[in-house]
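Asker: After the structure tokens below, expect a handful of questions from me.
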Amino acid sequence: MNRNSLRVNAGLRKQEVKEANIQVAVRCRGINRRDSSKRKKESEFSVDPSRSQIKSLKEHGKTYTFDRVFGEKSTQADIFKEIVAPMLVEVLSGYNCSILAYGMTGTGKTYTMEGGDPSTVPIIVNNCPSQDAGIIPRTLIELFNSLSKFSEYSVKLSFIELYNEQPRDLLSTENNPEQIKIYDDSRKGGVVIQNLEEVLLKDAMHGINILKQGSERRRKAVTNYNARSSRSHCVFTITIHIKETTTEGEELLKVGKFNLVDLAGSENIGRSGAEDGHAKEAGSINKSLLTLGRVIDKLVSDSAHVPYRDSNLTRILQDSLGGRTKTCIIATISPSRNSYDETLSTLEYAHRAKQIKNKPEINQKLTKMVLLKEYVDQIERLKADLQAARERNGIFLTPESWRATQDEIQDLKTQSKDLQDNIKQYQKEIHELNDKIGHMELIEISNRKAVAEFQGTFLSLASGLEAAISKSKTMDLELNEAMHNQLYTFSDQAQKNLIDSQKYIDIGFDQLDKRRQEIEQLSTDQNKAYRELYDEQTRLFLGYRDANLEAQNKLNSSFENILQGLRQVLDNHFSKINACHDKVNEEMASLMTTTQSHVEAQDNTIKLLQNVLMDTITSQQKRRELFYSEITNKIKTSKTIETTTSLNREHLSALERSYELTKSHLTSLEQEPNEELKTKIESIQTGVKSHNELSITAANSVLDALTSTNDSADKTLERLGQEHSKSLGIFSNDIEKMYSDMRVPLANIQDGLQNSLIPFEEMTREKANKTQRVYDDAISYMQKARNEVNILLTEKVKSEVSRKRTNSRVPLPISATFKRQKIDNDDAISDL
Ligand SMILES: Nc1ncnc2c1ncn2[C@@H]1O[C@H](COP(=O)(O)OP(=O)(O)OP(=O)(O)O)[C@@H](O)[C@H]1O
């Protein structure tokens with residue numbers, strides 16, 4: 001173990017750098033026993049890891065989008081794989097990286113960074129991280145796995161907590177560890193933590209054990225939300241040195257630093273149940289987190305001054321926020337409905353932090369010489385310290401310690417100047433506030449005065465109002481009484497008016513009845529005249545209709561006669577044509593029979609000839625076979641003779657000769673019947689041919705006869721058609737003539753009808769005008785009568801009202817009853 005001064009951003013060099021936003025991930029744990037014991041199970045946020053979004057389900061709830069969102073199903077391995085492993089690669093390539101866990105108490109910051117409670121859950125199982133192992137143990141295991149490919153490397157770690165703003169070394173085993181000091185390095189820049197122990201790690205397990213021990217030393221307390229609530233911020237720093245050899249053979253040291261920060265809970269003091277000392281704790285936690293919030297705000301708003309110095313937490317995290325470190329914030333939230341406000345504030349906080357831009361820079365590689373020089377310097381400093389301690393020669397400080405003290409003094413001076421500036425600023429603000437209070441007091445005095453005045457006015461107004469109310473009540477009573485009296489009088493009057501109007505109406509009705517009777521009489525007369533006219537017209541119409549019907553019937557009967565004649569002519573034509581057709585068919589049938597019998601006779605002759613031919617061939621065959629057997633017998637005999645006696649050989653040759661002769665004779669015989677047959681067939685063929693020719697000639701002559709019959713039938717048909725169209729033309733001419741003959745008498749009938757209608761129309765028109773005039777008279781008379789009734793009624797009412805008004809003490813408006821009565825009267829008149 002090595003007591004050292006840890007430079008939070010040591011070893012950086014100037015280089016071209018790109019800005020990069022801080023990465024922000026949100027982890028929402030599942031409901032646990034503490035949430036469910038409060039029966040606050042349902043969440044008011046919807047967590048959507050696939051879209052990296054969290055949405056408040058309250059009305060007008062906001063949706064927050066982050067770089068990554070982990071839901072309750074996300075495991076420790078998921079967080080490591082997606083967030084930590086890529087950052088570890090960056091650390092190994094020479095970057096400084098930080099991961100900060102932020103959230104209210106009990107939401108899983110320590111669980112995420114370290115894992116489950118090591119006293120109950122093992123961190124390592126079978127040399128592998130357990131399911132509950134958090135970021136730090138997983139990082140250590142993965143780091144040593146990755147480093148195994150390098151020949152030389154070193155891994156150091158430090159572990160500090162900030163409790164009530166005070167830094168404390170969690171690796172120190174001493175009872176009274178040397179006070180850790182945090183100061184700004186004015187020469188090299190950055191923040192230095194002095195007297196911090198750094199442990200050189202042998203392997204991952206070594207680191208995990210140190211984590212366990214350090215974690216045990218951490219301040220913890222029971223809160224409403226967490227049985228083992230961490231009450232401090234803590235920073236676990238892993239520093240890695242890797243030796244590299246350049247192509248030129250120079251040995252360089254690559255440095256990377258990984259800060260793993262578990263912040264204290266950002267809870268509300270009252271709700272977390274923190275009391276007494278813990279309330280102070282919570283206040284101090286909140287103070288450093290408030291400063292962290294202010295730092296974030298200033299960074300986001302690009303402010304010139306960022307108040308890193310206002311808390312030790314922000315001083316340590318200075319390089320991770322807006323500095324040259326690659327940073328990721330993991331905001332942890334609870335799904336419990338009870339924690340809605342805290343969750344919302346965490347989300348707001350994290351969302352703001354997302355906008356912070358860092359300028360990550362790779363650390364400068366150290367040469368062996370530089371490193372040696374650093375170690376030599378350190379040894380010299382320690383030697384000098386030892387010497388001074390041995391000699392006990394007053395206060396001895398090595399130049400390095402002196403410089404560190406000077407830096408610290410300088411830092412304190414800067415802090416004191418900052419504080420003085422702050423005090424001045426606060427005094428100015430207090431002064432302004434005092435002015436405002438004085439001003440407010442003046443306003444309050446004037447307000448009080450105004451209130452007193454207002455009260456006076458209000459009281460006098462109230463008493464006046466009360467008097468007015470009692471007066472108005474008396475008036476109301478009087479008025480009511482007068483109204484009742486008035487109402488009764490008016491109602492009597494209205495009754496009287498109604499009776500008068502009824503009388504007038506009765507008179508009007510009598511007169512109207514009279515007029516109605518007159519009109520009815522008129523209408524009866526008119527109806528009678530109409531009836532007479534109608535009867536006369538009906539009679540005329542019937543006469544014309546009968547005459548017309550007669551003419552129509554005549555026309556129809558002549559039409560019928562013509563059609564009858566035409567039908568007869570056509571029937572004659574068709575019977576003639578049918579007879580012709582029958583004759584042709586008959587002749588065709590007889591021709592067919594004749595031809596059939598000819599063909600049958602021919603067939604018989606051919607069959608006969610064939611039989612004769614077959615008989616001849618068979619007899620010929622028999623004769624030849626007979627002849628052959630005879631010859632064969634003769635040859636046999638002659639051969640027998642030849643073998644018995646050579647003397648007979650000559651006879652034999654003679655026989656042979658005779659055989660030859662016979663043979664030629666036979667051949668001639670054979671040819672002879674063929675010739676005969678041929679001649680016979682030829683003669684038969686000639687006979688058949690001549691017979692056929694004869695038949696064809698006969699058929700042709702029959703066909704010719706038939707064709708000529710057909711032609712004559714066609715001619716007859718044509719003639720008949722011509723005759724038919726001729727008779728049709730005559731017929732249509734007759735009809736046309738008949739129509740032209742009829743046209744004049746028809747026109748005369750129409751004219752007669754027209755002429756008879758004219759006087760009738762005139763008479764009707766006259767009668768209609770007369771009726772109209774009678775109606776107009778009646779209506780004007782009724783109008784006049786109604787107006788008269790109206791005037792009479794109005795005058796009567798008016799005179800009654802004016803008489804009433806002059807008689808009554810208080811002028812009153814026409815009562816509602818009277819108004820209604822008047823409306824009823826008007827309606828009755830208008831109905832009339
Ligand atoms: N994702 C999780 N899965 C399982 N258990 C969890 C998870 N997150 C938290 N827990 C459990 O919830 C309890 C509280 O978690 P933890 O101590 O990590 O909260 P915290 O945010 O660090 O609280 P505090 O700020 O008070 O220290 C612990 O018992 C822890 O094991």
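Numbers here mean position along the shown chain, with the first residue as 1.
Yeah, the Cβs are placed from backbone N, Cα and C, and that goes for glycine too.
A quick note: this is a predicted structure, and the numbers were derived from the prediction, not measured.
Pulled these features from TrEMBL for this protein:
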BINDING   GLY103, MET104, THR105, GLY106, THR107, GLY108, LYS109, THR110  ATP binding site
COILED    372-443  coiled coil
DOMAIN    21-356  domain 'Kinesin motor'
REGION    33-52  region 'Disordered'
Asker: Give me the mean pLDDT over the coiled coil (372-443), rounded to a whole number.
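Answerer: Mean pLDDT for the coiled coil (372-443): 76.
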Asker: Among the binding-site residues listed here, GLY103, GLY106, GLY108, which has the most company in the form of other Cβ atoms within 10 Å of its Cβ?
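Answerer: Compared across GLY103, GLY106, GLY108, the most Cβ atoms within 10 Å surround GLY103.
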Asker: Check GLY103 (ATP binding site) against DSSP and tell me helix, strand or coil, would you?
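Answerer: Looking at the DSSP assignment, GLY103 (ATP binding site) belongs to a strand.
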Asker: Counting across all protein chains shown, how many other Cβ atoms sit within 10 Å of the Cβ of MET104 (ATP binding site)?
Answerer: 25
Asker: What three-state secondary structure does DSSP assign to GLY108 (ATP binding site)?
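Answerer: Note: GLY108 (ATP binding site) is coil by DSSP, not helix or strand.
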Asker: Which chain-mates of THR107 (ATP binding site) that are at least 6 residues away have a CB under 8 A from its CB, listed by sequence?
Answerer: ARG29, GLY265, THR332, ILE333, SER334, SER339, THR346
Asker: May I ask which residues of the same chain, at least 6 positions away in sequence, place their Cβ under 8 angstroms from the Cβ of LYS109 (ATP binding site)?
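Answerer: The answer is ALA101, TYR102, GLY103, SER230, ASP262, LEU263, GLY265, ILE330, THR332.
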